[in-house]
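Engineer: Shown below is the structure under consideration.
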Amino acid sequence: MISAVTWVPKGASKSSPVVAEPPSKDEIDEILKTGALRRSGDSDEDEQVEMDVDDSKDADEVTHALATAEALSKDQGDKGSHFQDIADGLRELDMDHYDDEDDGIELFSTGLGDIYYQSNEMDPYLQNKDDDDDDEEIEDMTIKPTDAVIVCARNEDEVSHLEVWIFEESEDGDSNMYVHHDIILPAFPLCTAWLDCNLKSGDKGNFIAVGSMEPAIEIWDLDLIDEVQPFLVLGGVSKKKKKGKKTSVKYKKGSHRDSVLGLAWNKEVRNVLASASADKTVKIWDVVSGKCAVTVEHHRDKVQAVAWNHHSPEVLLSGSFDQSVVMMDMRSSNQVSNEWCVTADVESLAWDPHSEHSFVVSLENGTVQGFDVRASSDTDSSSKPSFTLHAHDKAVSSVSYNPAAPNFLATGSTDKTVKLWDLSNNQPSCVASQNPKAGAIFSIAFSDDSPFLLAIGGSKGRLEVWDTLSDLGVGGRFGKYSNRTIDPPPTD
């Protein structure tokens with residue numbers, strides 16, 4: 001399944017990503033200590049016992065085979081010479097010590113038959129190598145400034161990873177899409193947020209934050225290939241101890257205590273990342289120092305989503321399973337600026353990029369509600385939605401505003417459909433609906449660079465990209481906001 005999709009801005013990725021240096025012995029030991037490479041339920045003791053059992057089993061089998069061969073050779077007299085040959089052969093192979101290291105053995109001979117060449121060009125076996133294949137591989141690994149990059153958080157067969165996809169557009173309407181590289185994750189990913197705050201040096205970087213079933217938030221460098229550990233970890237477990245049947249857990253300072261369900265990067269204050277957790281808290285992180293700056297505890301149940309206002313970067317929304325949405329001015333984080341009650345558990349929320357006062361929240365019961373923060377707080381109207389839309393038959397897991405076209409909203413649901421809406425005058429109307437064959441939809445996102453491309457991820461684990469402008473309804477209502485030519489509808 002694909003649990004989250006995120007677009008990387010064009011030009012943010014290095015044209016030639018660097019292959020990461022192999023981890024040192026100390027780094028490998030540290031990774032093993034954290035248990036990142038161990039499947040849940042496994043333990044060092046179990047692995048050691050299993051290894052010892054396997055080793056003794058192998059040794060017993062070799063000894064048994066040798067004894068059987070020698071016994072048969074004695075019983076058969078002259079006819080047993082064949083079995084004696086087998087016994088001699090087994091003894092010569094020394095299978096008991098087959099896996100032992102022997103520094104004295106040279107794998108490759110250094111005798112007269114060992115011929116080498118000063119360069120590959122002189123080697124007749126390499127003279128006919130296909131340079132075109134090498135050139136094609138180099139071209140595939142090069143990320144052009146015009147390439148769209150999509151990062152998917154994916155889980156398959158209990159293996160979790162990030163997939164970095166290249167999406168190539170062409171003038172004739174055909175597109176090409178392939179995985180450039182991937183990153184293995186130690187825990188099931190639930191949410192992602194791209195950020196350009198450079199944690200190394202210089203002005204900008206290319207990083208992605210990942211929230212998972214674990215309390216830690218991992219930040220990975222997308223310009224590194226074959227990296228085995230995150231560049232930075234925010235929070236997490238520092239130590240686990242077993243006391244009888246119970247396990248005591250010690251967390252790092254400022255860490256969440258449960259799964260991280262939502263992330264939001266602040267594009268204006270670029271070192272700031274907000275996180276929502278099943279531990280009922282919202283945290284604000286300084287990714288440069290790697291520390292938690294603020295912890296907010298206004299919700300009474302799991303916090304599912306967070307979102308920064310595009311026009312007022314100090315304003316943060318959070319939505320919870322307590323069926324409420326809270327707005328906070330993080331300059332005075334201990335005070336709630338406003339709160340709205342909704343009709344079901346919050347699944348996702350988003351600020352309208354074209355209006356600093358409006359946002360939508362999607363709910364577990366298939367409803368989408370819109371709100372205007374300017375509603376008077378002196379009356380009950382402050383908690384009343386601008387509109388209530390029964391958008392889907394099941395939970396609306398994800399919403400995305402089109403960054404170019406005002407009042408254009410996409411919704412994705414676990415009912416396996418994606419719908420496009422015109423929210424003009426707070427009277428939503430469905431413009432288009434599609435079943436993208438991605439299974440239950442978990443995440444959708446419009447691209448900032450190509451605003452009418454919608455990335456879709458769901459339970460089938462297949463990334464889909466919908467060119468929404470190809471739909472006649474979308475083209476008719478919102479085509480004027482695109483610099484692309486819209487084909488007129490066919491005539492009879």
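The backbone N, Cα and C atoms fix where each Cβ goes, and this holds for glycine too.
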Engineer: Write down the single range among 1-59, 355-413 that appears in TrEMBL as region 'Disordered'.
Structural biologist: 1-59
Engineer: Mean pLDDT for the repeat 'WD' (296-338), rounded to an integer?
Structural biologist: 92
Engineer: Taking a Cβ cut-off under 8 Å, which residues six or more beyond the ends of the repeat 'WD' (389-431) line up next to it in the same chain?
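Structural biologist: Same-chain residues near the repeat 'WD' (389-431) but 6 or more away: 347-355, 360, 362-370, 438-448, 451-452, 454, 456, 458, 466, 468, 471, 473-474, 477-478, 481-482.
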Engineer: How many helix, strand and coil residues does the repeat 'WD' (253-295) contain under DSSP?
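Structural biologist: Taking the repeat 'WD' (253-295) as a whole: 0 helix, 22 strand, 21 coil.
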